[in-house]
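The structure appears below as structure tokens.
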Amino acid sequence: MGIQGAALATLLAWCVGAFWILYLLAVQRKLMLPRLLSFTELKASSSEILRIGLPAAGANMLTPIAGGVMTAVVAAYGPAAVAAWGVGNRLESIASILVLALSMTLPPFISQNVGANKIDRVKRAYSLTLKFVLFWQFTVFVIMWVLSTWIGAAFAKEPEVSALIQLFLMIVPLGYGMQGIIILTNSSLNAMHRPMSALALSVIRLFVFLVPISVAASYLYGLKGLFWGTVIANIAMACVSVVVFQRAITQFDASDVHNEHK
């Protein structure tokens, strides 16, 4: 069936996954009640969910926009560059799968401990997670660097595309650890009920650091410069993210001290 078959398989996979999750939540875990909410309940629940959900959704919508701009810049270097960029981005999703898993498991821990006023545990968890991500993603970078020639040949028969994939894998994954810090900080801020801070970080990351630095580096040093630009942007944004988180958690600390002296 070709492309149609791939589209149908994707639809079926999403449907099966959705029904399986609903089964786990409603039947096994008993976390969903089979009843309709009253208008008052719906309004109260929706307002709380949307207060965090809308900024988070907005942040997710910005990523494809920035990705489109980056692809347009890469397209100036020809079809081979676009193909290599596409392969690299697909591999990035696989290389960052542990970070994405942590971004779903860390927020409940942070939210629970913030609610219990155990800020020290939040600090330790955040610090430990970041250290682990840096170590893990650096290991991923080393593996991808060592296997870059083989991976390039496996994904492309054309020598030019294969060489550009290899170049991508020898540069861009160096910033995956810093990118992991950004992702985990955003999810942590959402868990701390700071969705606008997380949205602001996403805007800054994409349109203050990533796109401008990568475009400027591309103009000065070509496609290789663009690759290095993504690394530099991730490093700069990771530093900003840590500072923002530290300020947010310090405010919680200050409020705890104030409450204790009341």
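Glycine residues also receive a Cβ, built from the backbone N, Cα and C atoms like all the rest.
TrEMBL does not curate its annotations; it predicts them automatically.
Annotation source TrEMBL lists transmembrane segment at 6-26 (among others).
Cβ atoms under 8 Å from those of the transmembrane segment (61-87) belong to residues 155-156, 158, 160-161, 164-165, 167-168, 202-203, 206-207, 210-211, 214-215, 218, 222-223, 226 of the same chain, restricted to positions at least 6 beyond its ends. What TrEMBL records for 61-87 (among others) is transmembrane segment.
If one looks beyond the transmembrane segment (93-111) by at least 6 residues along the same chain, the residues whose Cβ comes under 8 Å of a Cβ in the stretch are 122, 125-126, 129, 133, 136-137, 140, 144, 173, 176, 179-180, 183-184, 186-188, 190-192. According to TrEMBL, the feature transmembrane segment maps to 93-111 (among others).
Under 8 Å from some Cβ of the transmembrane segment (132-151) lie the Cβ atoms of residues 91, 95-96, 98-99, 102, 165-166, 169-170, 173-174, 176-181, 184, all in the same chain and six or more residues away from its ends. If you look up TrEMBL, you'll see 132-151 (among others) marked as transmembrane segment.
Summarising the annotation, TrEMBL assigns transmembrane segment to 163-184 (among others).
Residues annotated as transmembrane segment in TrEMBL: 196-220 (among others). Nonlocal intrachain contacts for the transmembrane segment (196-220), taken as residues 6+ away from its ends with a CB within less than 8 angstroms of a stretch CB, comprise 55-56, 58-59, 62-63, 65-66, 69-70, 73, 182, 185-187, 189-190, 226, 228-230, 232-234, 236-237, 240-241, 244, 248.
Annotation comment: TrEMBL describes 226-245 (among others) as transmembrane segment.
Same-chain neighbours of the transmembrane segment (6-26): 32, 34, counting only residues six or more beyond its ends whose CB sits under 8 Å from a CB of the stretch.
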